[in-house]
Structure formats: C-alpha cells, structure tokens
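Novice: Shown below is the structure under consideration.
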Amino acid sequence: MENRERAGAGAVGSAGSLGLRVGQAVFSSASLLFMSVGVEFFSYTAFCFLVTIMGLVIPWSCTLAMIDVYSILVGCPLRVPGVMVIVVIGDWVLAILSLAAASSSAAVIDLLLQFHGSHCSPRFCGRYQLSAMMAFLSWFLTAASSLFNLWFIASR
C-alpha cells in the first residue's frame, strides 16, 4: 500500500498534482501577463510563440486542477490508464513547447539586451525577462507533472 501511495504522490487526483497544476496556472498566467503588458511583443515571433503556448498551458492546467479538486473531494482518484496516458502525452507536449518558447524568448531578450536597449527599453526588457523566467518555472512544473504521471503508469 505504501508503494502505491508513493507512486501516486503527484499523479492526477492527488494533492501533489493539484499543487503542481495550480503552480503551472499561476506561473503561466504571470508569464502571459508580463509579456502582454508591453504592446511591443508582437514585433518578435518568439514572444508571440510564448504567449500562444502559455495561453494553451493555462486552460490545460486549470482543467486538470478542477479534476484534481473533484477527485480529492470525492475521495476517488482518477486512475483510468487511458486517461492517464492522455494526461502524460498532453503534459509532455506542453512541456516541450513551453521549454522551446521560454528558451527562444530568453535568447531574443539576451540579443535585445546586447544592443544596450536601443531596440528594447529597459522597462519592457525587464518585463520580458520576468515573463521568460515564469515560463521556465511553468515548464519545470509541467515536466515534473508529466514524470510523476508516467511513473504512476509504469508502476501499475
């Protein structure tokens, strides 16, 4: 029984999963907010990509957080193998896309800062840096969630 509880610690339907999903939603929302505050982000494809991916992560995380809340309240965690595979694949795809978006945005920000602010005002570049940092944190939580759920599937 103890191994099953450990295997399901971060799997869908557990309190650990709820914490991961809330963290994903918070960091993705913060990344989207910091990027969208400046209207200039439309000029760079990497920033548009980041906004698009964070816009996908937010509803995915919120939906799975609602499933986690329901599973915790009812006391019956969602352990259907087919659904777990879909969650793992969705997390995996979003984790890869989040990493790509955060990395490309960070690279563009670094390039803009190389020009000593001639292409990006310090106020906007600071916001873009915060947005990329929040996207990296969201990616980390999404990847962790994917690994926890994959571990649960493999342990069954």
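All residue numbers here begin at 1 and follow the chain in the order shown.
In case you wondered, yes, glycine gets a Cβ from its N, Cα and C as well.
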Novice: Decide, relying only on Swiss-Prot, whether A15 and S43 lie on the same side of the membrane.
Specialist: no
Novice: Using DSSP, break the topological domain 'Extracellular' (103-132) down into helix, strand and coil residues and give each count.
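Specialist: For the topological domain 'Extracellular' (103-132), the helix, strand and coil counts are 23 helix, 0 strand, 7 coil.
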Novice: Give the residue counts of the topological domain 'Cytoplasmic' (68-81) per reduced DSSP state, in the order helix, strand, coil.
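Specialist: For the topological domain 'Cytoplasmic' (68-81), the helix, strand and coil counts are 8 helix, 0 strand, 6 coil.
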Novice: Counting each residue once, how many in the topological domain 'Extracellular' (43-46) are helix, strand and coil under DSSP?
Specialist: 3 helix, 0 strand, 1 coil
Novice: Where else in the chain does the transmembrane segment (82-102) make close Cβ contacts, counting only residues six or more beyond its ends and a cut-off under 8 Å?
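Specialist: Residues 11-12, 31, 46, 49-50, 52-54, 56-57, 60, 64, 132, 135-136, 138-139, 142-143, 145-146, 149-150, 152-153 contact the transmembrane segment (82-102) from elsewhere in the chain.
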